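Colleague: What follows is a single structure, and I will ask about it in a moment.
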Amino acid sequence: MVVFSEDHIQETRRRGRIEVICGSMFSGKTEELIRRLKRAKFARQRVEIFKPAIDTRYSEEEVVSHDSNSIASTPIDSSASILLFSSDKDVVGIDEAQFFDEGLVDVCNKLADNGIRVIVAGLDMDFRRVPFGPIPALLAIADEVTKVHAICVKCGNLAYATHRITKSEKRVLLGEKADYEPLCRTCYMEALKEETENK
């Protein structure tokens, strides 16, 4: 039988690391983030969750997955604000990280260097397949990367990218299933070709 002392538990809690969960829309990124954070809470770890204040699709003060699972969060405008609320936490979760400024990379490093487990979820590419916001740099410094996949709505294979259905060219357009669809590489290229022909 193994017995863990309180000192051992504290030491284990204070090992900082950065975990990034990325993929297309509808791939389960937020679902996985919520799962990990709820497990940490169950283990009596001190948890704080952040999301960009601009993301009010389902709730202003909760992180909510497309499957309606949710967890209370703190909406913020700047990544620097994360440091103000995190010094006494064991685990920090950050959803929709692609919408934060590039300073998020330094913030995550500082938190991890100070013994905090940081779990970040976000889109790795925008609808044009361009790496999105601070996510590429976070992937580079992460201790662990989990790439999750949606299912292509056209053929049923693993989705590779998010295709925007609406006509807007704005890079940031908060939307749902009426605005975006996950597609595999082949179906994505076919959709682009069709859009070009219809112009």
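The backbone N, Cα and C atoms fix where each Cβ goes, glycine too.
Feature table excerpt (Swiss-Prot):
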- G23, S24, M25, F26, S27, G28, K29, T30, D95, E96, A97, Q98: ATP binding site (BINDING)
- E96: active site, proton acceptor (ACT_SITE)
- C152, C155, C184, C187: Zn(2+) binding site (BINDING)
Colleague: What does the structure give for the C-alpha distance between D95 (ATP binding site) and C152 (Zn(2+) binding site)? Integer Å is fine.
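Modeller: D95 (ATP binding site) to C152 (Zn(2+) binding site), Cα-Cα distance: 23 Å.
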Colleague: Check the DSSP secondary structure of K29 (ATP binding site), expressed as helix, strand or coil.
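Modeller: Helix, per DSSP.
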Colleague: These are the recorded positions: D95, E96. Which one scores highest on other Cβ atoms within 10 Å?
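Modeller: Its Cβ has the most other Cβ atoms within 10 Å: D95.
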Colleague: For Zn(2+), what surrounds C152, C155, C184, C187 with a Cβ no more than 8 Å from their Cβ centroid?
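Modeller: Not counting the recorded site residues, we get V153, K154, G156, N157, A159, Y160, L183, R185, T186, Y188.
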Colleague: Any idea what the Cα distance is from C187 (Zn(2+) binding site) over to M25 (ATP binding site), rounded to a whole Å?
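Modeller: Cα-Cα, rounded: 15 Å.
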Colleague: Could you check which of the recorded positions (E96, C152, C155, C184) sits closest to K29 (ATP binding site), going Cα to Cα?
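Modeller: Comparing Cα positions, the closest of these recorded positions turns out to be E96.
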Colleague: Got a sec? Which of these binding-site residues, A97, C152, C184, has the most Cβ atoms within 10 Å?
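Modeller: Selected residue: A97.
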